[in-house]
Amino acid sequence: MEIHMTSIQELVINFHMTEACNYRCGYCYATWQDNSSDTELHHASENIHSLLLKLADYFFADNSLRQTLKYQSVRINFAGGEPVMLGSRFIDAILFAKQLGFATSIITNGHLLSTVMLKKIAVHLDMLGISFDTGDYLIAQSIGRVDRKKSWLSPARVLDVVTQYRALNPKGKVKINTVVNAYNWRENLTQTITQLKPDKWKLLRVLPVYSKEMTVLQWQYESYVHKHQVHADVIVVEDNDDMWQSYLMINPEGRFYQNAGACKGLTYSPPVLEVGVEEALKYINFNAEAFSKRYQSIHLPLAMSAGA
């Protein structure tokens, strides 16, 4: 089936607020060359506010990307590292983005998402995204999804977080991200996903940005997808080819960045705060058609779908 670019409802910008994380996932590519914690924008709330204002001014107005994709709204997806580690600075960023008119979402490992934190952000959060790869503690250890005390996010804890979020924000959406890798591809999460009832379950094939460590073969990835066909109505499949140049991403220093290719690392723009959004976008390769394809594919049959 041939997919043509068409209009999308929502443009998503992924803002990785920090490289800091309480986990050490072996496949993680949320690391940036020459990034220093001292230069991450979150240290000064005015820098975060300035970045979000520049994004609002550009993406809410008429621009070439809007003419191409014809999007109606813009969502800021706050990611990391682990954004929840930033505490009040993370909360402030969500509230300010919402105040400007952005839809908001986060992707978190959920480990630090306390009841207190949820009560502060849930009503301002349109989508809660949780990165959850395994329901097996030993597999979690192998992947690096444990903290320094060897604690992890168990299926029971994920269910507790999701239940609390839905109670606080009944209109909010829940997304689960699972990275299919060399350690978890044999696992079956059907029972856990049945309990969580996510609005979307994204199955990402581990991406070899820096190395091929923990990658899986095509048949291994497809095996994982097909064993979970019972959840085909919410599954979004995202193979490696679907990910290249199909995301709008900003690093903790406020630079747009893009995957350069398999094991080739990343390319960067100058800081948005210095050159503005329009100029910064010229420095990265963003494939609007690939982005559009990911969002069109959500409702395609599972065997033909790509990620979103």
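Our numbering is plain: 1 for the first residue shown, then up by one each step along the chain.
From the backbone N, Cα and C atoms, a Cβ is placed for every residue, glycine too.
Residues annotated as domain 'Radical SAM core' in Swiss-Prot: 7-253. If you look up Swiss-Prot, you'll see Cys21, Cys25, Cys28 marked as [4Fe-4S] cluster binding site, on the strength of sequence analysis.
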Chain-internal residues, separated by at least six, CB under 8 A from Cys25 ([4Fe-4S] cluster binding site): Ile143, Gly144, Arg145, Val179
Stretch-averaged pLDDT - the domain 'Radical SAM core' (7-253): 93
List of residues, in chain order, with Cβ under 8 A from that of Cys28 ([4Fe-4S] cluster binding site) and at least 6 apart: Cys21, Gly144
